[in-house]
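Visitor: Mind looking over this structure? Questions follow.
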Amino acid sequence: MPSISLNRIKSKKPLDLAFDLAVILICVIMFFVVAYPIYFIIIASISDPTFVSTGKVLFTPKGFSLFGYEQIFADSRVWIGYRNTLFYSFFGTFINLLLTLPAAYVLSRTEFRARRFLMFFFIFTMFFNGGLIPTYMLMRDLSLLDTPWVFIFNPLTVNVFNLIITRTFFENNIPHEMYEAAVMDGCSHFKFFSTIVLPLSKAVTAVIGLYYLVWHWNDFFTGLIYIRNYDLQPLQIVLRDILLSNQVFSEGAGSGGTGGGYAQRYADQVKYGVIIVSSLPVLILYPFIQKYFEKGVLIGSVKG
Amino acid sequence: MATVQDTKVKVEPKVKKQTVFNTLARDYQLWIMILPAIICVIIFNYVPMYGIQLAFREYDFTAGLTGGDFVGLKYFEQFMNSHLFWDLIRNTLLISITTIVVGFPAPIALALLVNQIKWKRGKRILQTTVYLPHFISIVVLVGLLNVMLSPNTGILGLLLAKLGVEGNLLASVNAFVPIYVLSDVWQHVGWNSIIYLAALAAVDPQLYDAAKIDGANKWQIIRNVEIPAIIPTIIILLILNMGSIISTGFEKIFLMQNSLNLPISEVIETYVYKTGIVSNQFSYAAAIGLFNTMINFTMLVIVNTIAKKVSRISLW
């Protein structure tokens, strides 16, 4: 804490000094508790599996080995899952934004008479829903089971939380006078929205776009419930098979501990590697987009 | 209000009250813009609500969404008389209440703690780090737990073995709830603290000055200035949390389940999945699901009403 100069420390009450020390201590512990597991996965994925499994890899990688990554790159399941998830994420997010942004704009217009009713119409779905089975029946009746569409059109396509964030942003950042001036010049709502509102709303578009994108990327539920065809499965389902069902090697070897500790230790390295590979896009983007995520919570919290 | 309208009518007799219908021509573009979202929500959120009646009907493959013959409360009775009923209720409540009791205060404490840090850079680093796990997928989180807690090879497993905790924690009935709740706190505590940090940032600096002049120490400032300032935020979030008291994280529990911890890890939502999607007993599963939804919704209304009476803070 360089900002605390010496005389400030001296002038402090002893109780406050103890308090500050406790704060620093807890913060340092917090930092390590959160950061260490993530760091450990990274070093374990490139270390010799024998050292990892005996607890010798703690702070630095030992006995460099890329066995795990080699296995992953050779595994077609991972690539099919990756490809599917990339497609679902980007196309899905595009549709999400296409529906959410105009709707939020309309709900931000105070002269729109049905505004209050429609707000209730959307918010009600946050607190009450049909539940798993009726939703499954609906998807079946619409013939969406085992199709990629179910990842894009589902009960979360219009996420009400994101809708509220966007509406609040429009309300607070698009002055009413601006629309009135535009109307004077013969501007319609369509034109006003696409040429004036959208360019002014890059921040909120980025926020909710990233929310939707991360949600699609991490979506495991949709694949589990609605998809049987393995070629359509998203990355998260493939990950489940590798990480949790222990089907580490696509040929089926090494599963269920048939090879004893030896195979398990190599299987574990594949698992460390696959955690990194699957989380990489989010982890790389994270430092850059973190401020946007935070912004989203702050915009949304202004008005519930 | 009435007098204002009366005078308006007198001055300009042609001005009518604006309604949805007579503004339709003016606002047709707005309607076009919101219509896709409305249609999508009706189809994917409201039609399933209509489909809830399946819980009161016999499932019939040919009849589609709403089911066949009306059977009333048959499936609810079947569920309540089932030998699993009390186990499911107990597990669901145990997991969700522990999650709220431990998981709800944690972000408040973290926000108060982070708010104490005056070193800007350190604060930034800590925040960036504690928000990160929120973006890890549930599958990766459970996978992480599995490899780290593995008794012979995992780093936490080895550490716990040295501390005298033997055996496979992942297959243990006693360890399931602590592992579930603690990993949940680990993943979301940072992210959930943002909203409290925002509330703390809005505290009037004059209050701090006044407290310091009165000779308050830091602990007293937290207790008498900061906590009262974030009480409204706390209450709103508590109501929202209570509304989902019985909807435990299906995905995470489902992924953490194994045959050994099943006595404690089988909750209503995983049971709905197994009876409905896996075993095709659709009507029965729909009834159990509705039971779950009703308890959630009732809890939300009750807590909201209490909060409204006690603190005048309410969701609606």
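Glycine is no exception: its Cβ is also placed from the backbone N, Cα and C atoms.
So TrEMBL says this about it:
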DOMAIN    A:82-293  domain 'ABC transmembrane type-1'
TRANSMEM  A:21-46  transmembrane segment
TRANSMEM  A:86-105  transmembrane segment
TRANSMEM  A:117-137  transmembrane segment
TRANSMEM  A:149-170  transmembrane segment
TRANSMEM  A:190-214  transmembrane segment
TRANSMEM  A:272-289  transmembrane segment
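On this model, are these features tucked inside or out on the surface, and what's nearby?
Guide: A Cβ distance under 8 Å defines the sequence-distant neighbours of the transmembrane segment (A:21-46), meaning residues of its chain 6+ beyond its ends; these are 1, 52, 57-61, 64-66, 68-69, 268-269, 272-273, 275-276.
Distant neighbours of the transmembrane segment (A:86-105): 148, 151-153, 157-159, 162-163, 166-167, 169-170, 193, 197-198, 201, 205, 208-209, 212-213, 216-217, 219, 234; these residues of the same chain sit at least 6 beyond its ends, with a Cβ under 8 Å from one of its Cβ atoms.
Only residues 6 or more beyond the boundaries of the transmembrane segment (A:117-137), in the same chain, are considered here, and those with a CB under 8 A from a CB of the stretch are 106-107, 154-155, 158, 160-161, 163-164, 225-226.
Within the chain carrying the transmembrane segment (A:190-214), a Cβ under 8 angstroms from the stretch's Cβ atoms is held by residues 89-90, 92-93, 96-97, 100-102, 105, 159, 162, 165-166, 169-170, 173-174, 178-179, 182-183, 282, 289, 292-293, 295-296, 299, all 6 or more beyond its ends.
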